[in-house]
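Here TrEMBL flags B:1-11 as compositional bias 'Basic and acidic residues'. The region 'Disordered' annotation in TrEMBL covers B:1-60. Among the features that TrEMBL reports, compositional bias 'Polar residues' is placed at B:20-30. If you look up TrEMBL, you'll see B:99-156 marked as domain 'CTLH'. Annotation source TrEMBL lists repeat 'WD' at B:272-313, B:317-358, B:529-571.
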Amino acid sequence: MGRLFVVSLEGKIYSCKHCRTHLALSEDIVSKSFHCRHGKAYLFNKVVNVSVGVHEERMMMTGMHTVADIFCVGCGSIVGWRYETAHEKLQKYKEGKSVLERFKVSGPDGSNYWITPEAHVGGSDADDA
Amino acid sequence: MGGIEESERPLKRVKVPSGGSDSLSANLSLTEPREPASGFSLRDSMAWSPSSQGDKDAIGSKGIIKRPEFIKIITRALYSLGYSKSGDQLQKESGIPLHSTVVDLFRQQVVEGKWDESVDTLHRIGLSDEYIVKSASFMILEQKFLELLKKEKIKDALSTLRNEIVPLSINVSRVHELAAYIIFPSSSAVGGPSSQDAAGSKSQSAILEKLQKLFPAAIMIPEKRLEQLVEQALDVQRDACAYHNTFDSELSLYSDHHCGTNHIPSQTLQVLQAHCDEVWFLQFSHNGKYLASSSKDRSAIIWEVKDDGEVSLKHKLTGHQREVSIVSWSPDDQQLLTCGVEESIRRWDVNSGECLHIYEKAGVGLISCGWFPGGKGVFSGMTDKSICLWDLDGRELESWKGQRTLKISDIAITDDGKRIMTMCRENAILLLDREAKCEKLIKENQMITSFSLSKDNKYLLVNLFNQEIHLWRLGGDPDVVSRYRGHKRTRFLIRSCFGGLEQAFIASGSEDSKVYVWHRDTPEPLFALPGHSGAVNCVSWSPTNPHMLASGSDDYTIRIWGLDQVKLKNRDNQKNGINHHSKGKT
């Protein structure tokens, strides 16, 4: 596996549920109203210790976007996605930002999130309200 | 000085037809008296006349080498090497005398100490530059003056000074000095009587050498001219060699020197399997005789590099409770430091393999280590963001607090101990000047994963998060001079290093299991060497053998890379023709 290169964060940290690698800070949350297959997801300004997958065009709830899945460097599990480009002007604010699925991360207080039956089955994405 | 020239002998010249052509006046044989009337002797003009015949006297494939000049410098070289008979013979056979008769006479008179005659002859040589004539006369007369002084013929010396030296009106300050010697004859510059007289002939030839430097080269062929030309040719070849990686002692005159990429290690010579887990770090000792490697298996190994290049295990160092992330050789290569991740530093004796000391700090984990120049102390970076300097016994000497990164932290110190380099925040390296107590920052726009300092402390090789390697030139204002790409890095800490002759090459590990090698001047890799079956975490180039490279990998092994012997042999077989390299570096 090699010697993992990981960055350590300070503050209120969201970390990978499986291997506890630091992923993002609470202060970098842009919006908490995002959705994914597994329920809630948060949009973050900056996410660390992730490797980026292949870019692909995906139809999200708010339109066509170019996104790439992001994976935790510690254990390789998928933790969310990153917006590379948004095709509609209104969605441009998302470019460069990343979404972490709430189900995949442990919150700053160590809390976890479990999939509820009311989880949004329709799709991923959401607007900023 | 080899071969003080020809003694007195009549020079009978027989002109041998050059190039075997009959069109030349074949039977030009001449003998003539030695003392021609003026300037260039008759013989000289005869020696030069064939040049008017055109290309018979231009030799070499391009026809730009003048035959008489070529032969003269060869003759000169023969004399310098001590083969005066051969020198004489060459002059006879070629019909090209080394010097004109007048010059020969002049040289002889100087050697024999016949100062007045030599000054006369000097004027007959026909030098156009007045200044040279005057300077040469000055030198000769100065010698005459000093000799007279020594023989205590003060009056004669004085008259020489007044009537012969002063009218030259050059080098007035020296004239004053000479005048002073009359009053203070024991002045040390004149030299004790014993030293001068005993080395009588030596001082004459010393004068000749000094005079030689004054004369234009065409009149008196400078000594060692041929050697100089050959050295220039070797310099040109060496400079034109784009990937030069051989010692000067291996340059040969037989064929043009051209390393190509054949002199860069590119073939696995040995696979070392002794670690039970991933190899995370390795480094050759300063003298190139040892290699130390550290592993996730919590051990470090000292390997011995034999003279024939074979690497064998010497000691396995166990004791750490955590993975060993880094090793550091003491300046004298007698001791080794190993650092357990966020744990402690251990100091080991290289010969016995014993652990000599453990450095720890309560409540804090140590993450990097290095030797203080001189081997008198050990410094380390810690999880609480400070850097600590201990003496060998573990007493804390100095400590710096401040902004450092927590988990993975490279640290380096310059050879004079004055500057410490450490990671600082994610994108920057801090250059801490211990004496001036000031700090400089090297800022990147990307996260820095690791860095290493060049041997001459002038460059810093910085590995970035986005798979680029930047070469920073340190100095007043550090700036990036080169960028290298090609290797892969997405998750791990991959290291790179300097190496090769004069550290002209860069090598790096990569997550695609290959070892990448660049020349410092090119951003594209020269080689991507396959062989490992796991990510290559670290590389180290032998500081004493530019043809030996080591790499450590996640496949638990270390590979030793060397020259591709097959390629080398093929190249040598092709080199028998004359190579004309008309272009320079590619």
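Just so you know, glycine gets a Cβ as well, placed from its N, Cα and C.
The average pLDDT computed over the repeat 'WD' (B:529-571) stands at 89. Taking H, G and I as helix, E and B as strand and the rest as coil, DSSP gives the repeat 'WD' (B:272-313) the counts 0 helix, 23 strand, 19 coil.
Secondary structure by DSSP for the domain 'CTLH' (B:99-156): 47 helix, 0 strand, 11 coil.
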